[in-house]
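Enquirer: Below you'll find the structure I mean.
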Amino acid sequence: ENREDMLSSKSDRLTEALEEANKLFSGVSSAREAALDAQFLVLASNLGKEKANELHSDMTTFDSLVFAEDLLTFMGINRIEVEENDSDSESISGYLPSDAWHKLGEETEKYFRRAPSFHYMLGSFKSDPPVPRQRIERQKKATGTEEKRAMPAQLKKMEESHQEATEKEVERILGLLQTHFQNDPSTPISFFDLVIDPNSFARTVENIFHVSFIIRDGFARIKLDEDKLPIIEPSEDNEEREDGRSAGARNQVVLSLNYKEWK
């Protein structure tokens, strides 16, 4: 909006805008603010370039002798001592004081104190283009009936083997339950003593899973003792199980047991 005013050689509006932008940049916290700062930097650079092109200077060209003379004066050369020892050629090295170069170094250090530019290691090596991969054509699957028949047979076999293992484990636990109850019918069997494996949390979960089949099929029942803790006992006969199924007397129970409770 103030383009003409900023391009004027007598105006310092561009410098003031840059100083204000530097102050605002210290409070940048979001990407949108950083994008606005970058946009302003581009505009300021373009204005500065145009302003520099419009400058007309009558400055003389660089004179190395004049520059060397000014540099010696800055470093502290003693002109009177030079004139006195003009005839002595060996005293040329004594023109400057001992700390002359150190003084020059301290002055120039402020203009060169900046972070070195960062270069990627990848830039030090010649990167070759990647080798194109050969396209491998996939063979089309055969649509024959033999392959279609093989997959269901394998899956069916796996399901049967898993089911058989589960049934055998359920029968084993039911046999242990019945044997324990026949040996001591008067002592109730604690549900947790039956299913919890002190050395394996995973095995405990498996035991609860297998016992659930025994309860579902009516081979055993769970009830609470005087301390409100679950106890399990086998059913008396098949007739009671059949009566329970026909009457629909079946309850669904969800048991929560985490690793900490198991420990």
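Placed from the backbone N, Cα and C atoms, the Cβ positions cover glycine too.
TrEMBL feature annotations, pasted as is:
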type     : residues : note
COMPBIAS : 134-155  : compositional bias 'Basic and acidic residues'
DOMAIN   : 37-90    : domain 'Nse4/EID protein Nse3/MAGE-binding'
DOMAIN   : 188-263  : domain 'Non-structural maintenance of chromosome element 4 C-terminal'
REGION   : 129-155  : region 'Disordered'
Enquirer: Compute the average pLDDT of the predicted model within the domain 'Nse4/EID protein Nse3/MAGE-binding' (37-90).
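Expert: Mean pLDDT, the domain 'Nse4/EID protein Nse3/MAGE-binding' (37-90): 75.
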Enquirer: How do the residues of the domain 'Non-structural maintenance of chromosome element 4 C-terminal' (188-263) split into helix, strand and coil according to DSSP?
Expert: 35 helix, 12 strand, 29 coil
